[in-house]
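*Asks:* For reference, the structure I am asking about is given below.
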Amino acid sequence: GPPGAMGAGGLGVRAAHTALSGGLALGLLLHPTGEAKPPRPAVRGRPLREQVERGELLLPVIFIVLVLCSVLLYFKVSLMDPGFVKSEEEVKDEEQSIVIPQVSSSIKMRRCGYCMVKQPMRAKHCQVCQHCVRRYDHHCPWIENCVGEKNHPLFIVYLSIQLVALLWGGHTAWSGLYFKQSWDWLKHNIFLLMSFILIVIFTIVVLLLLISHLYLISCNTTTWEFMSYHRISYLRHSELENPFDQGVVLNLWRFFCSCHLTLTGKEPVIEGV
């Protein structure tokens, strides 16, 4: 697994994520609905606890399964190899023929100054993981791992499922609230109120992150390339603004359906690593 995956920091972040996800889900499922609320005629408008009490278990079960899938995907993306460049990897001559032709041939491949491996096209050394990562996007502190060639597609799936779970949880928290100006109301509804505020914050973050990633994927670029364009030699010396862009449809197809996202070749040099 990734270096430091079982370290204290990684364990702490993963434990916090699991506790927060499980706590919010169980809290929304078990929180009492109260007696003073007006009746809700539509099933979709009822809190999960009320649906359980009425024996309507389908939606609560789907919600719990969705949260479990989100947590499992989180651990999968967090603990898997993001695409570390192995020390024994060498670029073969037959692979060099498919390199983007607009990249200047004067740019020579080099060894990483930190881990001394040959860096394929679009690789970058991560100071936290202490490895070069193929098609490096960014190091995500929330998953305590890099997002790279091998786990980037699954990272997008995780964000999507997390977003659905958050939207559902937010709707559940909101449907359980009934506003009344009194201390008794606040004491009875403080959990739902705090849950709703937290869920709104997380939803905004996840939504913005998902939108930005989908945009970059549709352009076949990475967060690192987008932010550090002028420091990367194979982009700075390219005749095109984005030599990897092959159109939205083909970019998305190759990202989600292709096993190999990186085209390797003899040209790439990565500066400012």
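Every residue gets a Cβ built from N, Cα and C, even glycine.
Please treat TrEMBL annotations as automatic predictions, because they have not gone through curation.
Sharing the features that TrEMBL gives for it:
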TRANSMEM  57-75  transmembrane segment
DOMAIN    109-229  domain 'Palmitoyltransferase DHHC'
TRANSMEM  155-179  transmembrane segment
TRANSMEM  191-216  transmembrane segment
*Asks:* By DSSP assignment, list the helix, strand and coil residue numbers for the domain 'Palmitoyltransferase DHHC' (109-229), in that order.
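*Replies:* Result for the domain 'Palmitoyltransferase DHHC' (109-229), in helix, strand, coil order: 67 helix, 14 strand, 40 coil.
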*Asks:* Suppose you look only at the domain 'Palmitoyltransferase DHHC' (109-229); what would the mean pLDDT be?
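*Replies:* PLDDT averaged over the stretch: 89.
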